[in-house]
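Some notes on the structure that comes next.
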Amino acid sequence: MKDLERENGQLLQRWLKKMNEEAEKMNEANQFYESALEVHAKALEFQSGVVIVDKEFTPMNNVPKSITFPEAGTGTIRTRGKDFGPVIIPTAVIKKITPHDGEIHSIASSYDGSMFATGSADKTIKIFDSTTGQVKQTLSGSIQSIMHVSFNNTNEMVAGASNDNAARLWHLKTGRIRLTLTGHVGKVYSARFNGDSTKVITGSHDRTIKVWDLQKGYCIRTIFSFSSCNDVVPLDDEGTTLVSGHLDNNLRFWDVRSGKDIKELTGIHLGQITSVSVSPDGAKVLTNSRDNTLKIVDLRTYDVEQTLHSDGYKTGANWARACFSPDGRYVAAGSLDGTIFYWNIQKSKLEKTTKDHIAPICGVSWSPRGGQLFSADKDRTVCIWTGGLSSGIDYIKDFYLEIYIFFLIVILLRFKLML
């Protein structure tokens, strides 16, 4: 009797193990299918310009989303995570406009990707619908050229840095100036909100960085930066640490509370730094420079991880701004001849180039939606880029390939179970 019980237990263990193996295979098949649906949804999204969100996954042919069996002797349940589709490199221009009466200096996407803004030598900021390219608002009040624009995290305000030594905040609901930040004695080249929109950080030609408390309405910290500041970015939501790029080719990190520098990286560029960006995961800093290279700096070690350059790439302005893609896998930058360069930083190589501008590009901004990029040049032209037809076709091809693989796996599994 004991031998029979032991054999029965062994058979049960083997059966449970076999069921778990089959469950794993079926889960893998379902994962292929779910991934294919996501890929297909992204293809449709970027082709139509409509964002598809919160689509519930429905397994095919009544196959459950996840099959689990208790492990023999453990009673634990296996679960499966979710993968997200990749960002599409925008390659096709869907809208080309000339909205300003003067040279464009800056372009920036809103945090939700529904809008973008441009700042110009005509002393105005224009707000656009990112899908149609139509001008929604024109913000005025600056006395001289707008050098930089940025949105706050709720997309309710826009900051504009100006050559009149001031920065201004506009409330988009009213289109009126909420605050004028005066105190610099030189042109203001950069104005950015911190993560919770309680402060604005400005960088100026007067070799200072100022931190402004928006509730109090005045400057709470002035940092002497030793060199003209071309760009400055907060590294945390509170805005207690900053990174800035300068005319003297150096990159500097600051502690706002003490007003002192944490780290100074000298010699990383041979020309002035024109822009500074932080990666979506907050782990890296991207610099663009007049030496026609871009650098990626690891924030943990302050080491230069990568140097991005390519034949034909030349930085087109002292304020030319590059950007990361929303997933942090790519870097985009505009060149002197109107070409946009895309580097794959995971593979450390140039991925693609696109060209529709004929004048030097002053800035590019990748939409958080992933499939759009906005670019502006010195000849007042703005382009809205999407993944384009070819990219959409590639995604649809991938979708049908995934479906084919799914069906093949299901057929093989069912055939095996019949045996």
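Including glycine, each Cβ sits where the backbone N, Cα and C put it.
The feature repeat 'WD' is assigned by TrEMBL to 97-138 (among others). Mean model confidence for the repeat 'WD' (97-138) is a pLDDT of 97.
The annotation repeat 'WD' is assigned in TrEMBL to 139-180 (among others).
The repeat 'WD' annotation in TrEMBL covers 181-222 (among others). Listed as Cβ neighbours of the repeat 'WD' (181-222) (distance under 8 Å, sequence separation of 6 or more from its ends, same chain) are residues 147-154, 157, 159-163, 165-169, 228-234, 236-239, 242, 244, 254, 256, 259, 319.
What TrEMBL lists as repeat 'WD' is 233-264 (among others). Shown for the repeat 'WD' (233-264): DSSP residue counts in helix, strand and coil, namely 0 helix, 18 strand, 14 coil.
TrEMBL lists 266-307 (among others) with the feature repeat 'WD'. Remote same-chain partners of the repeat 'WD' (266-307), defined as residues 6 or more beyond its termini with a Cβ less than 8 Å from a stretch Cβ, comprise 230-233, 235-236, 243-251, 253, 313-315, 317-324, 326-328, 331, 333, 343, 345, 348, 363.
Annotation source TrEMBL lists repeat 'WD' at 324-353 (among others). When DSSP labels each residue, the repeat 'WD' (324-353) comes out as 0 helix, 18 strand, 12 coil, counted as helix, strand and coil in that order.
In terms of DSSP secondary structure, the repeat 'WD' (354-385) contains 0 helix, 18 strand, 14 coil. Residues or ranges marked as repeat 'WD' by TrEMBL: 354-385 (among others).
Per TrEMBL, transmembrane segment is recorded for 399-417.
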